[in-house]
Structures are given as structure tokens and as C-alpha cells.
Ligand code: CP
């Protein structure tokens, strides 16, 4: 069977839109990028002369920094536009802002926004590449891809593997991107959390719902712990942090029920002692910092493929 070698799309907005072949192409390309990133001089001239903008309406450590590193590995120019000191604060709307960036000769805009669909609106109104770096509760496609990349590194394939996604599913764009991508690749995804944090209809995406972490952990291959998003969720979704941690947190006691080779993941940032204890976050089964390392390779792969590169394998 012939492998696809290029992404025939302008933008990367979500894993919902990607075919299995496209996901596999990105992951294959990320493997090559990881090799480049590990070289003593991690630099190739592939995107020389390209201009990339990051435009984040929400805070970020991992995503924005790894896009910056990925761009520099590929020799692209990258500029971080700080929303707080941009003309957005004077009331300039999103489409006008994007059009102004575009006419300066920008080739790609990497955007994070609190509103679901904001990158889609930007993409529709722009000729340049738009990459979604997280939009509201909708998707965080590059996180989903780096999570799947990490899972494949650990266990070869995700097909048939049981993946628990635990926590605040309702407010999690990471959960949605993981569910879209993992179910397409044949994983068995179970979302686990209190009923107040699991949105109605999530089963339609291909995930099974469970409220019982202790039952599901026993035969899980991967446990992806989500951050409790204090800044988004409002009040009253669970009685107390202590009760949440007791029922849905990952701690040493609960880990005793898991398979010895279970892989523990977290997209970061971590609320230590809430969704995961430090003992587990820093323990033997975790790949949390490997996920961060892989974020550079996956984002480099996307920049390469969306800005004109072809995979040569
Ligand atoms: N996982 C993630 O998106 O982290 P940042 O918010 O730091 O980018």
C-alpha cells in the first residue's frame, strides 16, 4: 500500500478532520524530526525564509515554546505576538488582525484562543496556514498528536490498547483531540470522571464512559490524567478538592491496582496533589516529560508538512 507523503490541506484545526493516513504521516514525520532535534546541532534549512507567528490569547509554556523550538530547528523565522500588547486590546477584531498579519508576508499563524472555533474562523478568512494550538473546550490537536506519538513509542501501536482519559472531560480540549485520534487508530478509549464532568453524548465520539476509576484502572494500558481546570469550570462540579482527589486522583494506592507496565501521562501543567500525586507524577511509569520532548518533534513535523515539505520515506 502506498503511504501518503504530504498533507493536502492548508490548516491543522483538529484531529476530528484528519484521516488515519494523515495522522500516520504526521507521526512518521515526527519520528524523523525527533532524530533531527537530537543531533548535536539540531538545525536543517528546510523552512529557511518562512515566517511564522504565534498568537496566543491564553497562557502557555509547553505549546508555544515547543513551536518556537520546532520553527528554529527548521530554520524558519518565528515571532511571538503578545495579545496583551497587541491592538486586540484596542478592540481590533480577529479577522482584521489576521488579515493584517497576513499582508506582512506571514506564512503561518499558530493560534490559541479561549473560544472554540476561533482558529477555524481565522483559517477561513486567511490564505496562510493556521494551526490550532488549543481552542476553548474544542480541540488541542498538537497535544493529541504528541500524546499518540508517545503512546506508540512506548507500546508500538495503540490498536486494541485500553486508554483511560481521567478527569474534567467537559472542559478538556486535550480529551477531545485524544478521543478523535485514538479511536481512529483503533484504541479502546474510556473517559473516567464524575458525572458532572462528563458531557452528554461523548459516546458518539467513540469513547466509553465510566465513573469508576478503581474498576477501569485494572486492565488499562495508558492512563492520561487531565488537569482540573480551575480557571474554566466555575463552581460546584465536585464537593471538594480532597474528595475529587480521593475518587479520581492517581495516587500510589490506586496505582497498585494497575498493570505493572501501565503508562501514566499528563498534558501539563500538573496540579500536584489534585489529579495526580508527586509520587506518581515523578514515578517510574510516567512519561510526562517525554510527552513534552515529543511535542517539539510533532510540531516540527506539522510545520514541515504544512509549509510545503514532503515525507521521503
Ligand atoms: N499542554 C499544554 O498545552 O501546555 P501549555 O498550556 O503550557 O502549552
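The backbone N, Cα and C atoms fix where each Cβ goes, glycine too.
According to TrEMBL, the features are:
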BINDING   62, 63, 112, 140, 143, 268, 269  carbamoyl phosphate binding site
BINDING   90, 173, 227  L-aspartate binding site
DOMAIN    10-153  domain 'Aspartate/ornithine carbamoyltransferase carbamoyl-P binding'
DOMAIN    160-305  domain 'Aspartate/ornithine carbamoyltransferase Asp/Orn-binding'
Candidate binding-site residues 90, 173, 227, pick with smallest Cα gap to residue 269 (carbamoyl phosphate binding site): 227
As a check: which entries in 62, 143, 227, the binding-site residues, place their Cβ less than 6 Å from an atom of ligand 1? 62, 143
If I restrict to non-local contacts, at least six residues apart, and a C-beta distance under 8 angstroms, what lies near residue 173 (L-aspartate binding site) in its own chain? 116, 134, 135, 136, 137, 138, 139, 140, 143
Which of 90, 227 has the fewest nearby Cβ atoms, counting only those within 10 Å, among these binding-site residues? 90
Please report the number of other Cβ atoms within 10 Å of the Cβ of residue 143 (carbamoyl phosphate binding site). 26
Can you count the other CB atoms that lie within 10 A of the CB of residue 268 (carbamoyl phosphate binding site)? 17
Looking only at the domain 'Aspartate/ornithine carbamoyltransferase carbamoyl-P binding' (10-153), how are its residues distributed among DSSP helix, strand and coil? 67 helix, 27 strand, 50 coil
What Cα-Cα separation, expressed in whole Å, is found between residue 63 (carbamoyl phosphate binding site) and residue 227 (L-aspartate binding site)? 15
Non-local Cβ contacts of residue 112 (carbamoyl phosphate binding site) (under 8 Å, 6 or more apart, same chain)? 55, 56, 57, 58, 60, 63, 64, 132, 133, 134, 135
At the level of the C-alpha atoms, what whole-angstrom distance separates residue 227 (L-aspartate binding site) and residue 268 (carbamoyl phosphate binding site)? 7
Measuring Cα to Cα across 62, 63, 112, 140, 143, 268, 269, which the record gives as the carbamoyl phosphate binders, how far apart are the two most distant ones in Å? 16
Between the C-alpha atoms of residue 268 (carbamoyl phosphate binding site) and residue 90 (L-aspartate binding site), the distance in angstrom, to the nearest integer, is 32
